[in-house]
Each structure stands twice: as C-alpha cells, then as structure tokens.
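Enquirer: Before anything else, here's the structure in question.
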Amino acid sequence: ADTIVAVELDTYPNTDIGDPNYQHIGINIKSIRSKATTRWNVQDGKVGTAHISYNSVAKRLSAIVSYPGGSSATVSYDVDLNNILPEWVRVGLSASTGVYKETNTILSWSFTSKLKTNSTADAQSLHFTFNQFSQSPKDLILQGDASTDSDGNLQLTRVSNGSPQSNSVGRALYYAPVHVWDKSAVVASFDATFTFLIKSPDSDPADGIAFFIANTDSSIPHGSGGRLLGLFPDAN
C-alpha cells in the first residue's frame, strides 16, 4: 500500500469513519481517520487559500485555510515525517465526489522544500509555482479524472458543462520527486500553498480536496472515491 501523509479539506462529514459532524480540515497520517481536525466552513463559489508547512526541527505539520475577509481555520499535529515517509516522495493534490458532488477546482499551486545537511554547501531545494495550468501539462502527472481546462485551471474531479459530476476521483502530482528528508539532514522543511474553488448545486457538497505526500509510484487506490478522497483503499 502507498504511504500517504495528507492535509484534507473535508466538505462532507463521514462520522462513521471518525469525522467530526461538521466540515473540517484535518491532518492524515497513513489513514483517512484524521489525527487532528478543526472546524472549517466551505464558502460556495469563493476562492480560498490553503497553506501547509512542516519543519523537521519543530516536527510539526501545520495547515491554515482561509477566504478573503473571512476567518481562517488552523490545524497542526506533531509528527516526525522521517519515521513515516520514504526519503524520496512525490507531492500532489487529490479530490473526490460521491453521490453528493462539488467542483474541486485548483487555480494555483506552489511548493518549496529545503534540505540542509551538516555540510553548509550541501543544501537541496525544490521549488515550483503554477499560477495557471497549461492544457497538456508536462510537469504534472494527472491521475483518474483530473484534467486542465481552457481557463488555465486544474479540475481534480469531472465537470461537465460547468456542472460537477458524482462519483469522480482525480489527482495531480508534480512530476519531479522531492528529497523530503535525509539521515544527515539538519533541517528538512517544506511549504505548500494552493488556491481552490469549491462550488456545488447540492446543499451538501462532497467530498473534499487534499494536499498529499506519497511514495513516488503512488496511484489512486481501487475503491478510494467518495469519503476516501482518492488517497486510501479503505477506512482503517
């Protein structure tokens, strides 16, 4: 099975798998059952921003999700990713719909990782920024229903004539692997930011968007749609 660390923007509470009974952001370590959550209210049709950061000295993974002029939701969890992730990973965005649906539109995405070892000269970093997405992106691995549209947006789940479709799952991963930790590293850190737009014709949108880090050969697990956000094969 894949090794996944994720930050979920969960628009549909699935209390049977441990979700709180409200929309929330959560930190997921190798399971859809979040280690930490905080209440979050999706604003239909508005552009929001998610920022995720990790620092190996503090060993803390944090996320903040906000809308312009609105309050922000923050969640953090203390974890040593060296013990969980392989040294080389890929980073991605994932989303799904179930019976209920929503658009899972990404307008921009940036990521920076830094790895400092004892030798001052030997610092590795990776940085990318997408302010828009090209029609046939060479630097993204698109999985499932993910596609880029003529407006320069990344649609993680299927949209037909502007309407979100049920039972869709899709992911986009950056093509280059990231050296996320090293046993000789003094500091390993990363920051990710993406802007998103969730819009739903349903009173209950579903299911959500996640930023995730996985083994480099990660693919969408069978049966991982809906509440599993395209990340996990089951709800354990």
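Placed from the backbone N, Cα and C atoms, the Cβ positions cover glycine too.
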Enquirer: The carbohydrate site in Swiss-Prot lists Asn14, Val99, Tyr100, Asp207. Which one of Arg33, Arg90, Arg227 belongs there according to the record?
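Expert: Swiss-Prot lists Asn14, Val99, Tyr100, Asp207 binding carbohydrate, and from Arg33, Arg90, Arg227 it also lists Arg227.
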Enquirer: Tyr100 (carbohydrate binding site) has how many other Cβ neighbours within 10 Å of its own Cβ?
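Expert: Its Cβ shell of radius 10 Å holds 18 other Cβ atoms.
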Enquirer: Taking the centroid of the Cβ atoms of Glu8, Asp10, Asp19, His24 as the Mn(2+) site, which other residues of that chain lie with their Cβ within 8 Å of it, listed in sequence order?
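Expert: Filtered neighbour residues, in order: Leu9, Thr11, Pro13, Asn14, Pro20, Gln23, Ile25, Gly26, Ser34, Thr37, Gly208.
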Enquirer: Between C-alpha atoms, which of these binding-site residues comes nearest to Val99 (carbohydrate binding site): Glu8, Asn14, His24?
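Expert: When the Cα distances are compared, Asn14 comes out closest.
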Enquirer: Taking the recorded carbohydrate site as Asn14, Val99, Tyr100, Asp207, Arg227, identify the other residues of that chain whose CB atom sits within 8 Å of the mean position of the site's CB atoms, giving them in sequence order.
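Expert: Not counting the recorded site residues, we get Tyr12, Ser96, Thr97, Gly98, Ala206, Gly226.
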